[in-house]
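Report on the structure given below.
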Amino acid sequence: MESTLIKGSMVAIITPFKNGKIDEVGYEKLIKREIANGINVIVPVGTTGESATLTHEEHRVCIEIAVDTCKGTDVKVLAGAGSNATHEAIGLAKFAQDHGADAVLSVAPYYNKPTQQGLYLHYKEIANSVEIPVLLYNVPGRTGCDIKADTVIRLFRECKNIIGVKEASGDIDRCVDLLSREPHMTVVSGEDSINYPILANGGKGVISVTANLLPDYVAKLCDYALKGDFVKSREINNELYELNKILFVESNPVPIKAAMYIAGLIETLEYRLPLCEPSKENYKKIEETIKKYKIKGL
């Protein structure tokens, strides 16, 4: 199914913690900042939102805050709702739908190492359980599971509410293959380093980590590309190159949270174990890079 809702600039929003718990006030402020700076879609509780170390109750709280904060605006909510257990993924997807999310992002089932047929059946069950759009999330470097292009195409053609895929494999050829066969599919970049080439090849948008820091830049990058002005889009992409690179000097979301703390966007630098603070050397590199960009704290 072609989607007109989930497109453009999307932020993979972090989950701020304070004294070991979700900083709900800080979370709402971060979302409002994204809205004010032109972001089209908020994506809570994905990889960047540390969904893997949140309880199901915390997961639900993040979705509720995102939906409530976006009410009365044109900004959509694409709620993270994946699991390596199909029944759990269905439960999260239903919760997201029932609480007002516009669509769900469903990560490939990690650790289990299912076959392509298993992936097909997993996503078919999820799609049949809800009416809102479902965006697949392919990130084999983290899940150990690769949703092959043929499987994505099959699901897109057979399931009316599967709209496409967040492609975070880093494989631009994969994205071109998908779009050459299904030009109306929602293929979005899941890696900031390849945002521009995916947009230039017909991608519908980006789910960005960098947008946590510079939402206005990412919004303009997408707006220009979707209007066909690839010269201006590329210029912005090139401006973000150094920042995009440093934000993956360690595993996401370790660098982005450090960068946001340095920029004054979050009050405390807290992670959930086994994630921890970056090395002193990398923290210094992040700090030096952040100083080159004009980022206003909250």
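Positions of Cβ are set from backbone N, Cα and C atoms, glycine also.
The site 'Part of a proton relay during catalysis' annotation in Swiss-Prot covers Thr47 (among others), and the record cites sequence analysis as its basis. Listed in sequence order, Ala12, Val107, Val139, Arg142, Asn252, Pro253 are the same-chain residues six or more apart from Thr47 (site 'Part of a proton relay during catalysis') with CB atoms under 8 A from its CB. DSSP classifies Thr47 (site 'Part of a proton relay during catalysis') as coil under the three-state reduction.
Swiss-Prot lists Thr48, Ile207 with the feature pyruvate binding site, giving sequence analysis as the kind of evidence. The number of other CB atoms found within 10 A of the CB of Thr48 (pyruvate binding site), across every protein chain shown, is 24.
Here Swiss-Prot flags Tyr111 (among others) as site 'Part of a proton relay during catalysis'. Tyr111 (site 'Part of a proton relay during catalysis') carries neither a helix nor a strand DSSP state and counts as coil. Counting every protein chain shown, the Cβ of Tyr111 (site 'Part of a proton relay during catalysis') has 9 other Cβ atoms within 10 Å.
Taken from Swiss-Prot, the feature active site, proton donor/acceptor covers Tyr137. The number of other Cβ atoms within 10 Å of the Cβ belonging to Tyr137 (active site, proton donor/acceptor), over all protein chains shown, comes to 26.
Per Swiss-Prot, active site, schiff-base intermediate with substrate is recorded for Lys166, and the stated evidence type is sequence analysis. In the three-state DSSP reading, Lys166 (active site, schiff-base intermediate with substrate) counts as strand.
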Check: According to DSSP, which kind of secondary structure is Tyr137 (active site, proton donor/acceptor) found in, if we only use helix, strand and coil?
Finding: strand
Checklist line | Neighbourhood of Ile207 (pyruvate binding site) by C-beta distance under 8 A, where only residues 6 or more apart in the same chain count | finding: Met10, Val11, Ala12, Val41, Val43, Gly46, Leu78, Leu105, Lys166, Val188, Ser189, Gly190
Next item on the list: Measure from the CA atom of Tyr111 (site 'Part of a proton relay during catalysis') to the CA atom of Tyr137 (active site, proton donor/acceptor) and give the result in Å, rounded to a whole number.
Entry: 15
Check: Taking just the CA atoms, what is the gap between Tyr111 (site 'Part of a proton relay during catalysis') and Thr48 (pyruvate binding site) in Å?
Finding: 19
